[in-house]
Amino acid sequence: MGKLVVLNHPLIDHKMALIRDKNTSTKTFRETVGEIGALITYEITKDLETVEIEVETPIQKTICRQLKKQLVIVPILRAGLGMVNGIHDMVPSAKIGHIGLYRDEKSLEPVSYYAKFPTDILDGVVLVVDPMLATGGSATAAITELKNRGAKDVRFVGLVGCPEGVKRLQMDHPDVPIYLAALDEKLNEVGYIVPGLGDAGDRLFGTK
């Protein structure tokens, strides 16, 4: 079963309160989502492998460490875009791919309509980013697509999840760790996380 990490940090909790508030403006919501993405990055990267390199300081040569593998951020369009800048600010060397999904009207399952990834997904560490882990369908479909393209080290990064989404993702991809800022109570009858924060995409981009 895949590892589930729900971050417990006062700054993250403070910022989560801001984005849960229905009265928070689009601008503040978007900025805060990025800030939470940056804070989460410390947790999701703490076990990454490093290698020794030699650098020359103004005083003398010394041995330092740098990341061994390329980091690749893959947001699920469109809401996943809101977290990209925060993560990228922490790891500017990270490359960015994109995947877009739509829901098939008959099967109700997500289908990929757009996928563009750096070749580094083959040997790099891939972060699949989506603010909400609700049914788990989109996350599962995105990770399946990445694995079909050769990705081996994949992690899911979200803001809010629920037990239903976590269970599905762990069943479909038991090798994929899940990192969340919060684990909420449940899904309601129309598929929204409760208490959640509403539609993350609409709140990020000011749409209805």
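Placed from the backbone N, Cα and C atoms, the Cβ positions cover glycine too.
Just one of ARG20, ARG30, ARG103 is listed by Swiss-Prot for the same 5-phospho-alpha-D-ribose 1-diphosphate site as ARG78, ASP130, PRO131, MET132, LEU133, ALA134, THR135, GLY136, GLY137, SER138, ASP199, and that one is ARG103. Every protein chain considered, the tally of other Cβ atoms within 10 Å of the Cβ of SER138 (5-phospho-alpha-D-ribose 1-diphosphate binding site) stands at 25. For GLY198 (uracil binding site), the Cβ neighbour count at a 10 Å cut-off comes to 15, with all displayed protein chains included. Counting every protein chain shown, the number of other Cβ atoms lying within 10 Å of the Cβ of ALA200 (uracil binding site) is 25. Put simply, ALA134 is the one of the binding-site residues ARG78, ASP130, MET132, ALA134, SER138 whose Cα lies nearest to the Cα of ILE193 (uracil binding site).
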